[in-house]
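Q: This is the structure, below, for whatever I ask next.
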């Protein structure tokens with residue numbers, strides 16, 4: 001017998017269940033309890049009525065059942081207040097509520113209830129989910145409309161319908177046609193199809209209906225009319241024999257034979273002239289080849305001699321760079337280490353250059369001591385004299401990276417030479433990748449933490465140049481520097497630069513430090529560490545001092561990367577670059593690009609726009625820059641500078657007070673200058 005009541009596992013709080021709430025028939029908590037006998041024994045409504053049809057006694061005590069079964073209102077009220085889970089809990093429904101609300105939820109609200117297909121005649125059932133939607137789309141009882149004949153039918157009957165549908169598209173049976181037409185139009189198509197096989201009635205050859213007309217033009221048995229006017233119509237292949245009966249044909253044949261003899265004579269004459277010309281050309285080609293072979297042999301001898309000279313210069317004995325003792329090679333040894341004549345030795349041809357690069361790499365692989373200053377000087381000279389990625393492809397990145405951890409790197413002279421070699425090689429995009437793969441970033445960051453090394457300005461300058469070149473246009477290297485925590489030592493150096501004004505006056509040192517800082521700010525994680533150290537304020541303070549245009553350009557590039565983290569105090573510095581005796585942005589296109597890009601970004605903010613407008617010496621000098629001939633030429637030659645400059649003016653003009661100042665400053669300028677200042 002099926003259970004009619006609620007199983008115990010349906011209830012949220014099973015400790016609230018009493019024994020007298022269980023049905024004696026299905027042994028579950030009663031559903032809609034009714035009184036069965038006079039002793040107040042109860043059972044489920046469905047269980048009790050089913051029991052009393054076959055049993056006259058109470059299932060609990062055996063006494064006679066009541067003649068009329070009545071609901072037990074009190075028991076129903078108690079059970080209806082109990083908390084139960086949804087019957088579909090095991091299928092993913094997490095609903096729980098009162099018994100009296102469960103039927104409504106399970107029949108209409110449960111997202112996991114069992115539902116049936118809505119199409120008449122389909123008995124498919126499943127739980128409410130995407131499976132029902134998928135079934136509904138492919139249900140064989142779903143009514144559809146045939147898209148060919150527009151007849152309504154069931155999806156399951158579509159295949160059988162297509163077999164006899166009068167408008168169903170079918171393919172022409174004739175080979176090579178491939179046309180698709182409705183079934184009821186196929187007879188008309190077959191009658192007119194150009195690919196329909198047909199037999200020529202003259203020569204009895206098979207061809208298609210579309211080829212018949214072209215076939216008739218060359219059919220040997222097709223009847224043609226005699227061209228000499230006799231009116232005879234004979235097969236085409238018999239026409240020559242027919243024409244022999246006409247005098248005109250005999251005369252024409254004699255003339256054709258004479259013309260053919262003359263043509264053969266002329267052809268022989270042309271062939272003789274061509275043979276003479278070809279013989280002369282072959283003799284000239286043989287002479288040129290002999291001359292070229294002599295030149296190549298002489299060139300090969302010169303290259304071999306030069307290769308022997310280079311081999312005499314670079315010797316890998318004992319793992320060091322040893323100059324040959326042969327007096328005959330001493331002049332070439334001197335040339336090798338004189339930059340003005342270096343190219344005369346290494347640029348003999350590409351092979352010798354590659355051999356020199358490989359020899360240097362083998363030398364440095366065998367002995368990674370940076371105190372070999374001649375070897376590092378040779379790396380530097382090769383990097384700046386020939387294509388620098390020749391050294392990179394030879395594998396120079398690995399030994400130079402290992403040198404950074406050698407004890408002798410603490411020597412300032414050795415460190416400066418090593419950093420200069422890395423910086424020169426890192427000017428090439430390919431070499432940057434090689435150094436990144438060699439893991440150079442952590443070692444360079446470790447150098448930044450060496451206080452003894454940082455006290456030497458030449459070595460530190462080359463170190464900053466190496467970091468800047470490695471970070472330029474290479475996100476992977478910037479990420480490696482970020483993981484090595486480069487932001488902290490660079491921030492310390494910026495603070496030191498601010499606290500030691502004498503270092504700002506050393507252009508090479510300050511420019512390379514700021515180039516490295518600007519290149520690193522393209523990485524968001526490094527930029528975040530700089531922001532935590534409040535480096536933007538330090539940068540603004542450095543910009544306020546008198547520094548070179550290159551340093552100003554790198555500072556503005558970094559500020560562009562930091563935007564919108566810009567303190568309002570920077571606005572005063574922007575006006576300072578305009579009121580100098582001769583503004584540096586007039587003569588420096590790169591500085592002008594960074595300056596106007598930063599100004600345009602600042603004035604896009606409402607607060608900074610108002611602050612800049614209140615600056616005493618900002619709007620008027622900014623507008624009157626166009627009166628400088630050099631700046632006008634800059635605007636006309638560089639569209640990017642013109643775009644940023646006009647964008648800054650338009651954003652400033654969004655403030656009514658600023659717009660009035662711009663118009664006032666623009667009024668004295670000639671009309672041709674005002675056209676360079678559009679505000680709309």
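Heads up, the Cβ atoms here are built off N, Cα and C, so glycines get one too.
Automatic, uncurated: that is what TrEMBL annotation is.
What TrEMBL records for this protein is below:
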type	residues	note
DOMAIN	23-61	domain 'RING-type'
ZN_FING	105-149	zinc finger
DOMAIN	105-149	domain 'TRAF-type'
ZN_FING	160-204	zinc finger
DOMAIN	160-204	domain 'TRAF-type'
ZN_FING	214-242	zinc finger
DOMAIN	214-242	domain 'TRAF-type'
COILED	249-303	coiled coil
Q: How does the domain 'TRAF-type' (160-204) divide up by DSSP, counting helix, then strand, then coil residues?
A: 15 helix, 9 strand, 21 coil
Q: Can you break down the zinc finger (214-242) into helix, strand and coil residue counts using DSSP?
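A: Its residues fall into 12 helix, 6 strand, 11 coil.
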Q: With Cβ-Cβ distances below 8 Å as the criterion, list the same-chain residues six or more beyond the ends of the domain 'TRAF-type' (105-149) that contact it, or say none.
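A: Cβ under 8 Å, 6 or more out: 86-88, 91-93, 95, 97, 155-158, 161-162, 165-169, 182.
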Q: Summarise the domain 'TRAF-type' (105-149) as counts of helix, strand and coil residues per DSSP.
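A: Output for the domain 'TRAF-type' (105-149) reads 14 helix, 9 strand, 22 coil.
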Q: Pull the DSSP breakdown for the domain 'RING-type' (23-61) and write it out as helix, strand, coil residue counts.
A: 10 helix, 10 strand, 19 coil
